[in-house]
Amino acid sequence: MNYFPDEVIEHVFDFVASHKDRNSISLVCKSWHKIERFSRKEVFIGNCYAINPERLIRRFPCLKSLTLKGKPHFADFNLVPHEWGGFVHPWIEALARSRVGLEELRLKRMVVTDESLDLLSRSFANFKSLVLVSCEGFTTDGLASIAANCRHLRELDLQENEIDDHRGQWLNCFPDSCTTLMSLNFACLKGETNVAALERLVARSPNLKSLKLNRAVPLDALARLMSCAPQLVDLGVGSYENEPDPESFAKLMTAIKKYTSLRSLSGFLEVAPLCLPAFYPICQNLISLNLSYAAEIQGNHLIKLIQLCKRLQRLWILDSIGDKGLAVVAATCKELQELRVFPSDVHGEEDNNASVTEVGLVAISAGCPKLHSILYFCKQMTNAALIAVAKNCPNFIRFRLCILEPHKPDHITFQSLDEGFGAIVQACKGLRRLSVSGLLTDQVFLYIGMYAEQLEMLSIAFAGDTDKGMLYVLNGCKKMRKLEIRDSPFGNAALLADVGRYETMRSLWMSSCEVTLGGCKRLAQNSPRLNVEIINENENNGMEQNEEDEREKVDKLYLYRTVVGTRKDAPPYVRIL
């Protein structure tokens, strides 16, 4: 293609959306590398310590959209210390100094401050989209800066963040000239909401397609918001624990009947059962339903709601739905592609007889032939059930099974679940993400290494017998990018068997395993392009006291590839070898 002008090649590159494919294109020749450098507008960085912002900007000076991840995935399970790192401020400072035309920023598991948000809002004149997922460190003062200064804002999406509500009036900071908003999600905010300011904002946003409210927005306000935004496609409702008065209910019904375009519904943080019938008219068009926080919707009310959603492709639900409820899903939702079943009692404090089991999983797999992604928290499982699921749904690309009790065997035969998970990886040739649990031996990892050729991310908890289990995975899964292990018997022999393997991976996490400080030191000596972090939260003992005892087991090991060396913001309890 050397005879094509650069402009033509650049136009061809515009049709290549995959970050992985764009990376491959840039390696073909110097000419393509240069063209890709100046034409790349979107960049994804899965680890904020793999590169620094200055190097990123030199590589892609025309950057407009940046996705950045901070803490490891196990931070979602409270396994990463609170102040470990993942600070976004150095990135925003560098981007501001470089004067790149940043328009979109997506952050996940990062520390974001009000100062960072204020700098972001003042540095990029055409900034349009901010998405924060599982972030912490900021308040509504920072959101007020974004609202006041980002005059072209189209998207403000706040998901699962820890936000201090210093000022409930942040919505009032959107100027009257702000009419560009297309997506607004503040469901994770716990404080009061300026309903009047919200109504004015929604009324002057004709292109608003997605609106997700927090629990402070009352039912009568919801009706008014829906009346002035009938174009919504995605709606997240708040908390309605009191029975509605007839007038409010009638207004809500009138507004909902106009919603012919709505395709996604979520929320219901608390809800009175009599409120639900108002939403029945829109259920027939829904393709996405998220009830993962709707603990109050149970029994016949939940079943009735599900039975009306015949076109669902995506369902997030609590395990209180029970196996009978999942059977209704299987009989009703023939287009279902993604299912997530979350635990309603995460601490195990209740005798939850409604929890789902292998019966519900088999029913779903038999009734939903298009299913390709599942997250399933359950109290028990059998090999026979997993074998049936593998036969019914061979198109899984994500299969995450979390049995709530560690080391729990097949509850009928009392055998390990090796054969069941083995059937999954054998049948599902396109499997890219897998989480395993229950009683598992090294045999299951032999199966994974042999058959999971496309696997990119594997999560292991309380599993395995010896170092062989981890070696089977590392030797067999050539496309593995992220491997995370907790409370398993893998040690130095597995860690050090093929150090070069980690050069092709994004990261390795091991906590409460058999790895020692000496093993980590040897790994670091042989891997100059890897950061080897030892995390010891027990500051009373002090890391210095144990650092010379190479037989000392490490609490947590986080290993990741980097091109910029050791990070400078590690807290005292993190030692980088």
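Start at 1 and count along the chain as shown; that gives each residue its number.
Using the three backbone atoms N, Cα and C, a Cβ is placed for every residue, glycine included.
These numbers come from a predicted model, not from an experiment.
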Per Swiss-Prot, what member of Arg55, Arg501, Arg506 joins Lys69, Lys108, Arg109, Arg340, Arg398, Phe399, Arg400, Arg433, Arg481, Lys482 in binding 1D-myo-inositol hexakisphosphate at one site? Arg506
Residues flagged as region 'Interaction with auxin-responsive proteins' in Swiss-Prot, choosing from 287-291, 377-381, 402-406, 472-476: 402-406
Looking at 163-168, 319-324, 343-348, 349-354, which stretch does Swiss-Prot describe as region 'Interaction with auxin-responsive proteins'? 343-348
Helix, strand or coil by DSSP: which one applies to Arg400 (1D-myo-inositol hexakisphosphate binding site)? strand
Specify the nearest of the recorded sites Ser134, Glu160, Phe377, Arg486 to Arg398 (1D-myo-inositol hexakisphosphate binding site), where nearness means the distance between Cα atoms. Phe377
Measuring Cα to Cα across Lys69, Lys108, Arg109, Arg340, Arg398, Phe399, Arg400, Arg433, Arg481, Lys482, Arg506, which the record gives as the 1D-myo-inositol hexakisphosphate binders, how far apart are the two most distant ones in Å? 26
With every protein chain in view, what's the tally of Cβ atoms within 10 Å of the Cβ of Arg506 (1D-myo-inositol hexakisphosphate binding site), excluding that atom itself? 18
Closest of the binding-site residues to Phe377 (site 'Interaction with auxin-responsive proteins'), Cα to Cα, picking from Lys69, Arg109, Arg400, Arg481? Arg400
Measure from the CA atom of Arg506 (1D-myo-inositol hexakisphosphate binding site) to the CA atom of Glu160 (site 'Interaction with auxin-responsive proteins') and give the result in Å, rounded to a whole number. 24
Taking the Cβ of Lys69 (1D-myo-inositol hexakisphosphate binding site) as centre, how many other Cβ atoms lie within 10 Å? 21
